[in-house]
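What Swiss-Prot annotates here:
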type: SIGNAL; residues: 1-20; note: signal peptide
type: CARBOHYD; residues: 33; note: N-linked glycosylation site
type: CARBOHYD; residues: 130; note: N-linked glycosylation site
type: ACT_SITE; residues: 222; note: active site, proton donor
type: CARBOHYD; residues: 253; note: N-linked glycosylation site
type: CARBOHYD; residues: 299; note: N-linked glycosylation site
type: ACT_SITE; residues: 324; note: active site, nucleophile
């Protein structure tokens, strides 16, 4: 397939390889009913994360976590140990089949969104898991394929994100799939396992029609924010990931215009310059996560939050997608009258508009996350729309002129 080719989403022969791209740059896509979700955004990414679908973060959905029998467990690893493998497999299968459904994808499409980012863990390639020392749910890949099929039919662009890396890329955080005491990812053994995963998922993406709208693969989410400690990641893992992904694509005779975009956290993230050791930057992309609530340099006031967001220039590397952000504020003020969600909707509307205005100076944005069980909208796009804070027509937020 050639650059700028138009792809209509029709059934493909099983032997046909599926290609990757950036929407409206490399090709145009439409849903099965003929809708081009990128037409209104002029090619900008506007998306939501599928948080807790395949890498469960208990804080997002404590009720669902408890119903699985995982109450009190810190991570997927811990829950599988507690339940036992067979019981855990059944519990997680029920979760995978109910947390994000085809109805969710239809609703996402209806809100003028055009992209989903799907966090996944290396344990989805089950033969990578050391059965004596590592414990993760089994059977997730079939549900990933089903989800991506729904999204492709809807005309949504898909980013797959290695959220949980072997050994854990950061300690004490369930988004790695395990509540590890130390970050064990940064060595040749764990890099090797991650590379095997990247080869495998790349091959799966190009071989299945369900993955036809997967155009980007993030090779590790949120590594340590310490450039010195992760030097080997930049010098070894990043270049090797490019080589292994491209080799897998070449083995399948994928044309260069059909390659996956390979995504890394940008320089602003704090893990050093991702380009430092790269010799091949073809179809490279970058990710930035912007949470003002955790930025100690930002004074906490509503006026400052809006002005800071309006002035954000997240262009340390290009093209950059702001792959995580929210409407959440520091915990010590979140419940105070000045920041109350019910009485300050006008502020949250403006702050949403300010953030997307800034992020669309770059390639676009993906909100964290689509849905939660937190009882509010600051972390939940679905609930923010229901509350009237986020409009169904995203352009109407941009047209508010908050940053003018």
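Note: Cβ is positioned from N, Cα and C throughout, glycine not excepted.
Between the residue listed as 'active site, proton donor' and residue 299 (N-linked glycosylation site), the C-alpha separation comes to 24 Å. When the Cα of residue 324 (active site, nucleophile) is compared against those of the glycosylation sites 33, 130, 299, the shortest separation belongs to 299. Ranked by Cα separation from residue 33 (N-linked glycosylation site), the glycosylation sites 130, 253, 299 are led by 253. Cβ environment of residue 299 (N-linked glycosylation site): no same-chain residue six or more positions apart lies under 8 Å away. Other Cβ atoms within 10 Å of the Cβ of residue 324 (active site, nucleophile) number 22 in total over all chains. For the recorded site, the residue listed as 'active site, nucleophile', the DSSP three-state label reads strand. Between residue 253 (N-linked glycosylation site) and residue 130 (N-linked glycosylation site), the C-alpha separation comes to 32 Å. Residues within less than 8 Å, Cβ to Cβ, of residue 130 (N-linked glycosylation site) and separated from it by at least 6 positions along the same chain comprise none. Its Cβ taken as reference, the residue listed as 'active site, proton donor' is surrounded by 22 other Cβ atoms within 10 Å in the chains shown.
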